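Chemist: Provided herewith is a single structure, encoded as structure tokens, for subsequent inquiry.
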Amino acid sequence: MEPEMEDKTLELMNTSGMDPQNGVDDMSPKKNTVLKLTNGPVVGSRKRPSEGNYEKEKEHCIALFDQWSEADQVEFVERLISRMCHYQHGHINSYLKPMLQRDFITALPAQGLDHIAENILSFLDARSLCSAELVCKEWQRVISEGMLWKKLIERMVRTDPLWKGLSERHQWEKYLFKNRTSEVPPNSYYHSLYPKIIQDIETIEANWRCGRHNLQRIQCRSENSKGVYCLQYDDDKIISGLRDNSIKIWDKQTLECLKILTGHTGSVLCLQYDERVIVTGSSDSTVRVWEVTTGEVLNTLIHHNEAVLHLRFANGLMVTCSKDRSIAVWDMASPTDISLRRVLVGHRAAVNVVDFDDKYIVSASGDRTIKVWSTSTCEFVRTLNGHKRGIACLQYRDRLVVSGSSDNTIRLWDIECGACLRVLEGHEELVRCIRFDNKRIVSGAYDGKIKVWDLQAALDPRAPASTLCLRTLVEHSGRVFRLQFDEFQIISSSHDDTILIWDFLNVSTNGQSEGRSPSRTYTYISR
């Protein structure tokens, strides 16, 4: 045993009344000791009375401590703490904890840095912002004067289409994205607005799940029309392509026909428009470009040998596909300057649908395959196999491709590896049209039904197949040819010559059965 430890051991034995020579306890009551058990060596210590020397020694130690550098002071304290027991560590920790806490939200405004405090709190979500308001009056003041509830709502409107749509439809967008003026309500307005928005969102989601909707119907019949093959809409209008060779433009609010474009000599099978032009494809084998506002024909492209079944355009590029089994890739410098870049050949039957982004062009055919091509080089990349019969529709975004087939199924694919992620079954006839967003897949089929599917569940291999179809909507009396949807509505067209608007936002529940709502019908009779 080391001498120092031996001395301490002897001291412990002596103070506890034990004879160091024979180990016999001295039971004499004259010694009063306190034993402390620590995580380190056993230490025996007496409760000593306060001595005058302690104060002098303490002041001397503090004086020396003050003369040292910060690094030396830290090293000394570390060594000092290492010699203490667990109880002492706990006492020091309790002493240090409040010293280490800083209310920076309160401290920053005192230094004239309100904007930094506001910026820090602006990253909080709604639940955390509610809690922050309850911390103290100063935090509440920073949140109120910083208009942080307004900023939270603005952040949601910028990043979430559902919030953006609600802001436009419920007219509170006019109070957003404005500097502090007399027109801007106080922070309390936005604080009370937030839970109302959440309630609206929950109601809309419940309406989708339960199939509750208001229905509006446009009758497109003319003397020789047999159906509405394609459509696209925005907040102001619906543009539809009909079997009677015409394009009809409808006012989305009044549902009245605003304009009829004629020129095709065959059925209008596909269309797409932007703020400048409408591009249409027809069974007359041509592609026509129309001016949106005037309806004037700006260009006619004659390339395909048979019906143009589908087309897409974006960012100066257009892709068309045809019953002639080919895909044409076009450069669109302007509506009047469109040139053929490349023809893609590989399908063994009619190419029914195309979609593309900056990376891939995706095509689907009656030959039961989906083919992937490089957008930049137009070179073939891979084939997706799995459908048992021809493929009628698809949509492609990011890594996901969703396709519908005459085998009555819908398949989800990973475009990068070509794997089929899920097969959705439920339609009784050919799946003719399909669209998806971040939450849902909506499909329409020749059985006259529209089905709403849970996309996130469909991508989860653990989700039972029985839970994937959220709702089946039955209003069309004929084949569903085309549909488009957003967070609030589905707009669909059919062989029954109608366009239906399924509104999940403005739902009247007065005495209506689930999934069915009163409709208003508008009929256009061509002259």
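Even glycines carry a Cβ here, placed using N, Cα and C.
From TrEMBL, here are the annotated features:
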- 1-10: compositional bias 'Basic and acidic residues' (COMPBIAS)
- 114-152: domain 'F-box' (DOMAIN)
- 1-35: region 'Disordered' (REGION)
- 221-260: repeat 'WD' (REPEAT)
- 261-300: repeat 'WD' (REPEAT)
- 301-340: repeat 'WD' (REPEAT)
- 344-383: repeat 'WD' (REPEAT)
- 384-423: repeat 'WD' (REPEAT)
- 424-456: repeat 'WD' (REPEAT)
- 473-503: repeat 'WD' (REPEAT)
Chemist: For the repeat 'WD' (424-456), give the DSSP counts of helix residues, strand residues and coil residues.
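Modeler: Each residue of the repeat 'WD' (424-456) counted once, the result is 2 helix, 20 strand, 11 coil.
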Chemist: Would you list the DSSP helix, strand and coil counts for the residues of the repeat 'WD' (261-300)?
Modeler: 0 helix, 23 strand, 17 coil
Chemist: Please indicate, using numbers and ranges, the residues of the same chain that are 6 or more beyond the repeat 'WD' (221-260) and have a C-beta under 8 Å from a C-beta there.
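Modeler: Tertiary neighbours of the repeat 'WD' (221-260) are 168, 266-273, 278, 280, 282, 284, 290, 295, 478-479, 481-482, 484, 491, 493-499, 501, 520, 522-526.
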Chemist: List the helix, strand and coil residue totals of the repeat 'WD' (301-340) as derived from DSSP.
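Modeler: Looking at the repeat 'WD' (301-340) with DSSP, the answer is 0 helix, 28 strand, 12 coil.
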Chemist: Tally of helix, strand and coil residues over the repeat 'WD' (473-503) according to DSSP?
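Modeler: Split by secondary structure, the repeat 'WD' (473-503) comes out as 0 helix, 20 strand, 11 coil.
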